[in-house]
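Data block below; observations after.
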Amino acid sequence: MSSPKGASKPSPIHRAGFVSFVGRPNVGKSTLTNALVGEKVAITSSKPQTTRRAIRGIVHAADGQLIIVDTPGIHRPRTLLGQRLNDVVTATLGDVDVIGMCFPANERIGPGDRFINESLNDFPRAKKVAIVTKIDATSRPAVAQQLLAVSELRDWEAIVPVSATSRIQLDVLLKELVALLPESPSLYPDEQRTDETLEARISELIREAALEGVSDELPHSLAVTIDDMVERDDKDLVEIYANLWVERDSQKGIVIGHGGERLQDVGARARAQIEPLVGKQVFLSLRVKVAREWQRDPKQLGRLGF
Ligand SMILES: Nc1nc2c(ncn2[C@@H]2O[C@H](COP(=O)(O)OP(=O)(O)OP(=O)(O)O)[C@@H](O)[C@H]2O)c(=O)[nH]1
């Protein structure tokens with residue numbers, strides 16, 4: 001069959017693939033993921049090492065689809081939980097097309113950055129891009145200095161300065177990342193932004209609310225499970241029954257707060273985030289429970305979803 005007259009030009013190249021952002025804790029990986037995806041999919045927090053799961057955010061660009069696999073910070077394991085985090089990182093990075101290593105513009109490159117940069121040699125398949133984050137937080141000369149320092153670490157495919165919170169250069173970064181992906185049709189439907197289950201996203205929002213304004217020892221000791229989600233027939237309402245797990249009785253006190261005030265606050269903040277997600281009113285029941293030393297116990301880790 002001959003081709004019809006005036007057949008349309010071959011369509012432009014479409015790309016799709018996986019990217020993972022790595023870097024020391026607190027360099028802005030989760031915030032960058034959220035800013036690129038345009039919807040809250042990854043937990044962000046001012047506390048380091050709060051990202052546990054490989055969460056995918058999906059960015060739909062005109063010429064490609066970028067699937068972001070958000071990994072926890074690479075660090076040396078201290079507990080069994082730490083060990084599992086590193087396993088997640090290794091499994092994830094072995095599988096992605098592009099690794100975006102993040103360096104905050106406002107902090108000098110240190111041994112932690114060098115350690116991670118060197119470990120990237122173990123993943124030869126992935127193309128490596130340097131992302132200088134938080135450029136809003138420092139001066140232009142300091143950003144320039146950081147770009148130079150980063151360029152000396154390895155032969156990057158690209159070096160892109162960005163600010164996730166001020167939304168500076170996000171389009172440039174997206175273009176660079178998509179250009180490095182393999183030619184492929186979209187891997188996910190257009191309307192989809194994440195492949196996390198609703199339950200997992202709700203758990204993360206509760207965890208994030210519970211971590212706000214607590215002392216540094218708590219983040220690793222906090223896990224959330226959802227017992228039940230009930231859609232009410234008579235009202236536009238979802239009832240969510242969740243447990244907040246801590247390791248020690250003393251931590252239980254911290255989470256609940258004086259007269260239960262803190263827990264009420266946590267519930268209110270979590271609910272405000274969950275309601276737009278489920279598109280309904282939410283009744284949220286939070287119970288704080290103690291699972292002793294759960295970070296070191298494989299059985300408990302399994303039960304808590306790690
Ligand atoms: N000024 C400024 N702050 C930022 C920017 N991006 C992130 N931050 C802040 O940096 C802190 C850490 O951000 P996260 O996105 O949680 O960092 P992360 O690298 O995902 O941290 P882990 O999950 O611990 O690995 C938060 O307080 C953010 O608000 C940015 O572009 N500008």
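The first residue you see is number 1, and the count goes up from there.
Here the Cβ of each residue, glycine as well, is placed from N, Cα and C on the backbone.
Database features, via TrEMBL:
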- 15-183: domain 'Era-type G' (DOMAIN)
- 23-30, 70-74, 133-136: GTP binding site (BINDING)
- 23-30: region 'G1' (REGION)
- 49-53: region 'G2' (REGION)
- 70-73: region 'G3' (REGION)
- 133-136: region 'G4' (REGION)
- 214-292: domain 'KH type-2' (DOMAIN)
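When Cβ atoms from all protein chains are considered, those within 10 Å of G23 (GTP binding site) total 24, not counting its own. Counting every protein chain shown, the number of other Cβ atoms lying within 10 Å of the Cβ of K29 (GTP binding site) is 28. In the three-state DSSP classification, G23 (GTP binding site) falls within coil. Sequence-distant neighbours of I135 (GTP binding site) (same chain, 6+ apart, CB under 8 A from its CB) are A105, V143, P161, V162, S163, I168, Q169. In this view, N26 (GTP binding site) is surrounded by 18 other Cβ atoms within 10 Å of its Cβ, with every protein chain counted.
Checking the binding-site residues N26, K29, I135 against ligand 1, the ones whose Cβ sits under 6 Å from it are N26, K29. For the region 'G4' (133-136), the model gives a mean pLDDT of 97.
DSSP places the residues of the region 'G4' (133-136) in helix, strand and coil in these numbers: 2 helix, 1 strand, 1 coil.
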